[in-house]
Amino acid sequence: TWIPTCIIIPSIAATAEPEDLPLPSEEPHPDDTQTRDPPAEAHSVRAVLGELRVSSVTPNSVGLQWSVPEGPFDSFLLQYRDAQGQPQALPIDGGSRSVTVPGLSPSRRYRFHLYGLRGGKRIDRVSTDITTAAEPDKPLPPSEEPQPNDLPSEAPPFEAPPARAVLEELRVSSVTPSSVGLQWSVPEGPFDSFLLQYRDAQGQPQALPIDGGSRSVTVPGLSPSRRYRFHLYGLRGGKRIDRVSTDVVTSEREDQRPQSEDNPNELPPAEAPPARAVLGELRVSSVTPSSVGLQWSVPEGPFDSFLLQYRDAQGQPQALPIDGGSRSVTVP
């Protein structure tokens, strides 16, 4: 005989692991929701300004250059204080990598701040300190005069420019009682930038920096029935390579023009433009406490240039000439 043997295996219930508890330092506190700032929305593309370098220095101007290792920027804004300590702001196109700052004083130290703007906001900034050169006819102090031993035995070879740059005739494209339009060509080039110099109605020297790709400019803020002499300089490497000049007399105001002898009420016929040019709506693209960004379109054109006019906080009229190919501007 045999006796069956039953082996009973007891069931073992699985015990659940205890839930992980947050560390004391990670436990949320009631005040966290009140003090923690919402995460800032990152730009789709990072924009970084390279070093602000000096390309040229004269007694009354400074040439600056910079790079954009990561970008792009919509525009730039250069800020500094003039010899009287007044703040100055120079808007620069987003595609530019150099600028010439005119109207400075000799032997004076300036601090320049270059801001990179995108969407009307200042994204990055680079700065540099520069001292303008002394007047050419001003003798150096005895301590700064070169001594015979300081002079090199052999002068360094002169480095010729890579290509010849030539300015063509400076022509008048338009004349009004308060402005003059100028045009020029560059048969051989290119130039880095241009500089237009003239004297205003009070005899004060004025300088208008112009981008190297431009071939026209409108000079605002002139006086009626007055003769002006304009000098256009072509710059390369911070040096004036060529110059063209012209004399222009602004037209008289409408209320000063004599009426026709045959019909006093008849005005002289206006010359129709060869093609219709229409401006679209002027829209605001950005607003900050100290600047406004504007945009516009040209459904029919083209225009040679644009002129933006407004009054500043002191009620003084201001005029900003703009290249005919532009469709936006930042007013600082």
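All positions are counted from 1 along the displayed chain.
Each residue, glycine too, has its Cβ placed from N, Cα and C.
Bear in mind that TrEMBL entries carry predicted annotations, made automatically and left uncurated.
Residues or ranges marked as compositional bias 'Basic and acidic residues' in TrEMBL: 26-42 (among others).
The compositional bias 'Basic and acidic residues' annotation in TrEMBL covers 243-260 (among others).
Secondary structure by DSSP for the domain 'Fibronectin type-III' (48-137): 0 helix, 52 strand, 38 coil. For 48-137 (among others), the entry in TrEMBL reads domain 'Fibronectin type-III'.
The domain 'Fibronectin type-III' annotation in TrEMBL covers 166-254 (among others).
For the domain 'Fibronectin type-III' (278-332), the model's pLDDT averages out at 84. Per TrEMBL, domain 'Fibronectin type-III' is recorded for 278-332 (among others).
Sequence annotations record features per position, and here TrEMBL assigns region 'Disordered' to 17-42 (among others).
Marked as region 'Disordered' by TrEMBL: 132-159 (among others).
What TrEMBL records for 243-275 (among others) is region 'Disordered'.
Secondary structure of the domain 'Fibronectin type-III' (278-332) per DSSP (helix as H, G, I; strand as E, B; remaining residues coil): 0 helix, 31 strand, 24 coil.
With DSSP classes pooled into helix, strand and coil, the tally for the domain 'Fibronectin type-III' (166-254) is 1 helix, 50 strand, 38 coil.
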